[in-house]
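Report on one structure; see the data block that follows.
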Amino acid sequence: MDADPPQLDDHLEPFRVSVNQILTTVNKLEKQVTEVEQFYESTDNVQGNNSKGGSLAKEKGREKHITGTKKPLQDASHTEASSAKRMQELMRQFSTILRQITQHKWAWPFMDPVDVEGLGLHDYYEIIDKPMDFGTIKSKMEAKDGTGYNNVREIYADVRLIFKNAMKYNNEKNDVHVMAKTLLEKFEEKWLQLLPKVAEEEKRQLEEEAQAQLDIQLALETTYANKAKDISTELCEIDMHLKSLKEMVIQQCRKLSTQEKKMLMSALGKLSLENLYRALDIIAETNPMFQPSSTEDVVLDLDAQSDYTLWRLKAFVKDSLEEQVKVNAGAGINPNDNPDDKKNKKRRDSGDSSGKTNPKKKK
């Protein structure tokens with residue numbers, strides 16, 4: 001009787017290490033593929049929901065993750081800074097209008113918040129939703145904590161609100177109503193002189209914002225296109241690595257002993273019909289000459305198979321039988337009482353490493 005040769009466990013460690021490395025790389029690539037897919041899926045949504053300033057802020061938050069957008073984001077920041085300076089100049093010009101209005105002899109009722117309690121205006125807050133005065137506007141214009149005005153139109157709206165509130169709360173014959181109406185008309189005249197500059201700046205801001213978004217989008221697309229290319233390259237390298245491992249495995253495979261082949265042939269007969277088909281497919285993968293008939297018994301000569309195929313079969317059969325035991329145990333079936341085994345028992349020659357099986361090959 002042939003002595004059992006040493007097991008391959010000592011030789012498998014390098015392969016296990018290589019396989020684990022490949023699995024780690026594949027997991028990393030899967031995450032990258034998901035990231036690329038999510039980018040292209042969200043591109044249309046991002047373009048459709050570009051709110052002024054909001055998208056730039058969002059991309060700035062992603063700068064540390066997407067290095068390709070660094071320069072476009074820096075350019076966008078410089079553009080925003082220049083835009084802010086121009087807007088500050090418009091606000092400075094607007095402050096000249098404010099000074100002219102507040103220096104008018106009728107401006108005094110609107111310089112400070114309405115003294116609701118002192119004047120006994122008990123219904124004031126029922127009529128006026130948002131009180132406003134020039135003192136509040138001045139404080140907000142001078143604020144340095146980020147709570148101030150961002151553009152000149154916000155100041156314009158608050159100035160109008162001062163006069164609109166006064167006209168709303170006081171009837172037309174009231175002096176405060178008349179004073180507010182007069183000052184509002186003077187204010188609107190002066191505002192119309194500044195308005196073309198404001199409109200021109202707003203148009204310029206929109207164009208610069210659109211260009212910045214386009215530059216960022218193009219940078220992102222370039223980044224993800226390069227990432228997709230890198231993923232493809234790594235996948236090709238993994239494929240080559242797997243082929244190399246396969247060749248190494250083939251070279252390292254020792255020959256199965258006669259006893260091992262007999263045990264393998266016996267184990268093949270215990271496979272379920274589905275697993276038996278899969279076992280035959282394994283043989284056909286590496287042995288083009290093996291073409292099981294769909295109508296006749298399959299003659300399987302293990303001696304004619306390569307060592308690589310036999311080891312694949314051995315591993316497959318071992319795993320399949322273990323799985324069948326679990327399934328049969330759950331169903332209360334005796335794993336040794338295999339119907340397929342009974343059918344094939346007469347066709348197996350326990351004294352030889354060749355035999356016949358009778359699976360009807362699926363087409």
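Keep in mind that glycine also has a Cβ here, set from the backbone N, Cα and C atoms.
Curation does not apply to TrEMBL; its annotations are automatic.
For reference, TrEMBL has these:
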| type | residues | note |
| --- | --- | --- |
| REGION | 44-83 | region 'Disordered' |
| COMPBIAS | 44-53 | compositional bias 'Polar residues' |
| COMPBIAS | 57-66 | compositional bias 'Basic and acidic residues' |
| DOMAIN | 102-177 | domain 'Bromo' |
| DOMAIN | 246-328 | domain 'NET' |
| REGION | 327-363 | region 'Disordered' |
Helix, strand and coil counts within the domain 'NET' (246-328) (DSSP): 57 helix, 4 strand, 22 coil
Tally of DSSP helical, extended and coil residues in the domain 'Bromo' (102-177): 42 helix, 0 strand, 34 coil
